[in-house]
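Undergrad: Take a look at the following structure, please.
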Amino acid sequence: MSRPSTPLLDKAPTPDRLRALPEQDLPQLAEELRTELIDAVSTTGGHLGAGLGVVELTVALHHVFNTPYDRIIWDVGHQAYPHKILTGRRDRIRTLRQAGGLSGFTKRAESEYDPFGAAHSSTSISAGLGMAVASELSGEKRNVIAVIGDGSMSAGMAYEAMNNAGALDARLIVILNDNDMSIAPPTGAMSAYLARLVSGRTYRSVREAAKQVAQKLPKFLQDKARKSEEYARAFFTGGTLFEELGFYYVGPIDGHNLDHLLPVLKNVRDTQKGPVLIHVVTQKGKGYAPAEAAADKYHGVNKFDVITGKQAKPPANAPSYTKIFGTSLIEEARHDDKIVAVTAAMPTGTGLDLFGEAFPKRVFDVGIAEQHAVTFAAGLASEGYKPFCAIYSTFLQRGYDQVVHDVSIQNLPVRFPIDRAGLVGADGPTHAGSFDTGFLAALPGFVVMAASDEAELRHMVRTAAEYDEGPISFRYPRGDGVGVDLPERGSVLEIGKGRIVREGTKVALLSFGTRLQECLAAAEELGAAGLSTTVADARFAKPLDHDLIRRLAREHEVLVMVEEGAVGGFGSHVLQFLATDGLLDRGFKVRALTLPDIYQDHGKPDAMYAEAGLDRTGIVRTVFAALHRDELGHEALPTPFRA
């Protein structure tokens, strides 16, 4: 299929070439950029809606500012695809989120035009402020621009950074990309005129002169003059909150109208003092009818047909773990009216959208605010409710102090369903669920579980619902289950007890999580090589099943622990117990298979697990090495001595 014609975009592969184009050509360039973006993402999948919404803004920023000397920081990075196309990466844009291809987010190692990596929200203003202060300390006249969406403004970190920027009077430009119309809509020509007026040098010079005069007046008149100016600007433009934080507010302006964007950006570029916030209103999915009509469905997309907008969906072998969690929680909530659910802006991603349909008054979406979500859940638990605080593994990191201080130390029975455990594929290291087992199992009294399949997940939801002795978590991966039979309702598991899945005599494989299927496949291969193999499902990283571990150690020659997590997790806890219990004193062979001690780049999950040695081949290879056998399973002969 031929690619769309883009004559102007072809002439502007980098921002310096873009800046050479006359302004009257920029609307056409924006349309070509939008067409190229749609065509590229239709072949790769990815985050489409946010990028479509900032096409004109991206063109305007690179036309007005001297990138990469001037820094543009994209919060989260979902909206950075147009930026990548314009900054020398167009030839690789159809490798987005593929192994060896472009990242789906901004990445410092990828381009000098990406001054700061992103993927988690609300970090851009803090990073930008650091860069702005560094520029000032170095005596450089560099512009630093942080582009942040209104959704990211629900996180307290954004306001912490703005408060600090205002106190420092730093020369920082923040662009608030309001794509949900959640603050205020632009009101046509008058709004654009006022934005251009108040961002200009003349207005700001007069305003500064008036301040100097006012300082010579009695204090009560100074206060009246200041408030009169604030009220007048707030009446026409809004922005009082940002002004209180020390920012000079401009907007709202139409983020799809280059005639409105360009003069405001130029005015702000030429301002020499203080932090400025430009309020830009955009539309997610702009310019592509299917995305405009269903912005939520086009936030993140699979490959799709450009003409119809229909997304390709791979056939599912079983329900997804996320769906199993959602339906299982609904079943438990039917039996217990104390069960409530909390999500931090991810109801669909965590399966709580299903719960919300069944129990709309018992689900709480707190926005992008994981710290608040955890302590909010702790408050619910303190009053006798049973909160399930469902957060992706990678995002739970953002609320760890609250997990420790507000939940664990007080031993409050908050339930933590941890989605996206292990590797997540195309989203790469920023979204991998590598660390939750380690950082939760380190906490006294915290129960830490991992589901090996979808039936086990259903049991763990029931177990968590019934457990009131303290905090409890259970982790599960992205994607579909393995296709096991599902009970209508889960059973309550005995806390700290695993299970034997396959009996053997020589080798023991102890799995924590969904690598269990690979362990079973490895056991078949090992058995074919004459190595009788036991496979056990640990279920719990804390408390450990000491009886099970002792049995595996005493009855086998080799024990291999397998987990979808970083060093310092389940395997480390097992090794600590083996050492303390004296089970290593007789030369017992133990190996721990974890994710490698690196940040693995994006790719297909199966390939990434193979690279990590966590597939059947890697498990078999580890056992052979422990027993000094070659790749065929034959006992390796000692190397003869040579004089």
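Just so you know, glycine gets a Cβ as well, placed from its N, Cα and C.
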Undergrad: From Asn179, Asn257, Asn317, grab the residue that Swiss-Prot records in the same thiamine diphosphate site as His78, Ala119, His120, Ser121, Gly151, Ser152, Tyr288, Glu370.
TA: Asn179
Undergrad: For the binding-site residues His78, His120, which one has the sparsest Cβ surroundings, going by other Cβ atoms within 10 Å?
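TA: Lowest Cβ count within 10 Å among the binding-site residues (His78, His120) is His120.
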Undergrad: Taking only C-alpha atoms and a 10 A limit, tell me which of His78, Asn179, Glu370 are near Asp150 (Mg(2+) binding site). These are the binding-site residues.
TA: Asn179
Undergrad: Tell me which residues of the chain lie with their Cβ under 8 angstroms from that of Asn179 (thiamine diphosphate binding site), as long as they are six or more apart in sequence?
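TA: Looking at Cβ-Cβ distances below 8 Å from Asn179 (thiamine diphosphate binding site), excluding near sequence neighbours, one finds Ala50, Gly53, Gly149, Asp150, Val281, Thr282, Gln283, Lys284.
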Undergrad: Could you list the residues of the same chain, at least six apart in sequence, whose Cβ is under 8 A from the Cβ of Glu370 (thiamine diphosphate binding site)?
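TA: Listed in sequence order, they are Ala344, Ile391, Phe395, Leu396, Arg398, Gly399, Gln402.
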